[in-house]
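*Asks:* I am attaching a structure below and will ask some questions about it afterwards.
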Amino acid sequence: MCGTYTCIRLCCELLNFLCQDELLLLRLQPLLDDRVAKMGEHVFFLGIWDYVVISGVLLISAGVGIYYHFTGGKQNTVKEYLFANRDMHVVPVAFSLMASSLSAVTILGGVSESYTYGIQQTVLNLAVILFGPLFSYTYMPVFFRLQLTSVYEYLGKRFGMVARLTGSLTYTILTTIQSGMVLYAPALALDAVTGISKNVAILSLGSVCTFYSTIGGMKAVIVTDVLQTLLMVAAVTCVPIHAILTTGSFSEIWRIAEEGNRTSLLNFDIDPTIRYSWFSLIIGGGVLYLSLSCTNQSQIQRYLCVKDLKSARQAVYLRIPISVGLNVSAIFTGLVIYARYYQCDPIANQSIRFSDQLLPYYVVQTMGHIPGLSGLFIAGIFSAALSTLSSSLNCLAAVTLEDYFKPIYFKATGRNPPNDKLSLYSKIISLVFGFICIGSACLAHMLGGLMQSTGSFIGILGGPLLALFSLGMFTRSANQKGAMTGFVAGIALCCWAAFGGPRPPLPKLPVQVSGCNETISVRPTSHPKLDDREYFWLYRLSYMYNGVIGFLCTFVVGIVLSIICNKVAGQTPKVDSNLLATLTFNTKRKVNNHKTEVGEALLHQGIQNGRKVKGSF
């Protein structure tokens with residue numbers, strides 16, 4: 001039924017533009033009205049220029065993939081396909097880092113959070129500013145010294161094959177879920193604007209992204225990220241600029257938001273059950289940032305696309321102002337939307353079903369009359385999803401190739417796979433994961449709010465994984481038994497905190513319906529309201545602390561158990577210094593110079609790990 005409705009909708013718009021056949025539209029309108037009534041929301045028509053803009057973005061992205069498939073080395077080596085020959089410039093890499101981390105979830109979810117809970121989440125940007133340099137001078141040098149294809153090879157060198165496979169499997173699960181959510185977000189936007197089936201949008205976006213990521217490799221991914229970043233900036237900034245121009249002043253928007261209690265930034269309460277405070281946002285946001293930067297294949301793989309450590313640090317610093325600017329713009333957009341609907345909330349009015357649809361709903365209502373502007377907005381949201389998904393596909397291919405395919409191939413044949421075939425195998429793996437992520441997106445509607453769902457999943461898996469890397473890089477006494485036991489304990493505690501219940505209802509800021517034209521019926525609740533203190537303390541924690549408790553549990557249990565095991569065994573494990581993090585300020589040496597330093601030190605350990613691989617399969 002969704003496919004039939006979509007075809008009818010698109011055909012009607014095209015015919016209306018070409019011949020203005022009002023009679024035909026009147027004949028088909030009952031069919032459309034019936035479908036709209038079943039959807040229970042307002043649906044709007046896009047103009048021909050909107051479709052031109054959206055189609056242009058998709059075609060250009062696909063064209064970039066085709067271009068890099070037939071130029072240069074034609075993506076025939078793993079180094080070119082997965083690492084862009086390690087000679088990319090700092091600027092496109094910085095844009096790509098930002099684009100892959102700030103997805104459609106960040107834009108739509110950030111606007112929704114600001115509208116619903118206020119602008120307190122702005123403090124989250126301080127975590128990025130504070131923890132960015134920390135990452136670049138501690139974790140990053142280790143990965144540059146080792147020059148690994150899969151970041152989880154580090155865990156194999158430090159703790160053994162079990163830790164390596166656990167880390168890569170955790171990343172694969174987390175990335176698959178996250179990719180589904182970032183693909184679902186723009187489909188949700190298009191559904192709110194035009195009524196086109198979410199599944200159709202998911203399939204279209206996912207197919208285009210899978211196509212250019214598979215054939216174009218990392219160079220195509222990074223270059224399209226630059227274009228998509230510019231579109232994201234245009235989509236996010238056009239809304240507040242248009243609002244200020246139409247209302248006449250910034251102060252009027254701020255006044256309305258202030259009256260609605262949405263401008264508070266000075267919540268220094270240390271209570272961990274408060275959804276947003278300075279402590280939860282900086283501490284929880286710091287762990288969130290480090291888990292995304294230090295243990296995420298898509299981030300590390302981009303840093304390794306530049307020529308040296310100095311360039312990688314420059315990419316970190318250049319990324320920060322771009323990310324902060326986009327994030328602040330999205331948060332302010334939430335205030336703009338509140339100033340528009342503060343007397344008639346569109347969710348209470350049943351104009352839309354979810355708060356994540358607020359931004360596209362606002363765009364079509366206030367800017368839909370401007371030719372192509374709605375299309376530009378949707379193209380920006382699409383770009384945010386495409387950039388994140390393309391990064392995920394390329395990096396999932398790298399992890400699967402290095403951590404699973406090569407060991408299995410060696411176990412089955414007794415020899416390593418031929419180098420001239422590895423690029424082909426990577427492309428096949430990328431294609432398979434493209435279909436998996438499309439399927440994950442079709443199930444993403446069951447996860448609820450975009451922002452909290454993404455933050456919860458990253459916290460559950462990202463916090464313990466960050467602790468696993470930290471145990472390896474910052475302690476000499478950590479061993480495999482202690483680290484893996486701590487990791488399992490951290491995952492278990494995070495799952496308990498995130499999914500256990502019953503949970504208290506989230507205290508949302510009040511909204512009004514007094515300005516709505518129609519009468520709004522509010523369904524009374526049959527459940528008595530309980531005091532929040534009657535709920536178990538773990539279920540009352542802010543979701544921002546999910547990653548923190550996972551990190552602390554994993555690190556503390558891991559180091560304590562490792563020390564106990566070392567005491568019982570009467571020895572401390574020998575750890576190669578190249579696997580440990582130090583404050584490194586010498587950034588002039590090129591990547592190639594590191595290979596000579598590291599090769600001899602890791603040779604013996606590499607042989608031992610190779611034997612472990614054989615025994616593990």
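Even glycines carry a Cβ here, placed using N, Cα and C.
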*Asks:* Between the candidate ranges 10-28, 200-218, where does TrEMBL place the transmembrane segment annotation?
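*Replies:* Checked against TrEMBL: transmembrane segment maps to 200-218.
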*Asks:* Using a Cβ cut-off under 8 Å, which residues of the same chain at least 6 positions beyond either end of the transmembrane segment (123-144) come close to it?
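*Replies:* For the transmembrane segment (123-144), the list is 151, 154, 265, 276, 278, 281-282, 285-286, 288-290, 293-294, 300, 303-304, 308-309, 312-313, 316-317, 319-320, 323-324, 327-328, 469, 473, 578-585, 591, 594.
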*Asks:* Which sequence positions outside the transmembrane segment (276-295), separated from its termini by at least 6 residues, show Cβ-Cβ distances below 8 Å to it?
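*Replies:* Same-chain residues near the transmembrane segment (276-295) but 6 or more away: 101, 117-118, 120-121, 123-124, 126-128, 130-132, 134-135, 139, 151, 167, 171, 267-270, 455, 458-459, 462-463, 465-466, 468-469, 542, 544-548, 551.
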*Asks:* Count, for each of 165-188, 230-256, 316-339, 422-448, 482-499, the Cβ pairs lying under 8 Å from the transmembrane segment (543-564), and report the range with the highest count.
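*Replies:* Selected stretch: 482-499, with the most Cβ pairs under 8 Å.
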*Asks:* When you scan the chain for residues with a C-beta under 8 Å from the transmembrane segment (90-111), skipping those not six or more beyond its ends, what do you find?
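*Replies:* Hits for the transmembrane segment (90-111): 121, 181-182, 185-186, 188-189, 221-223, 225-226, 228-229, 232, 235-236, 292, 298-299, 302-303, 305-306, 311, 314-316, 318-319, 322-323, 326-327, 330-331, 333-334, 337, 356-360, 380-385, 387-388, 391-392, 449-452, 454.
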*Asks:* With Cβ-Cβ distances below 8 Å as the criterion, list the same-chain residues six or more beyond the ends of the transmembrane segment (482-499) that contact it, or say none.
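*Replies:* For the transmembrane segment (482-499), the nonlocal Cβ contacts are 159, 162-163, 166, 456, 459-461, 463-465, 467-468, 471-472, 538-539, 541, 543, 545-547, 549-551, 553-565.
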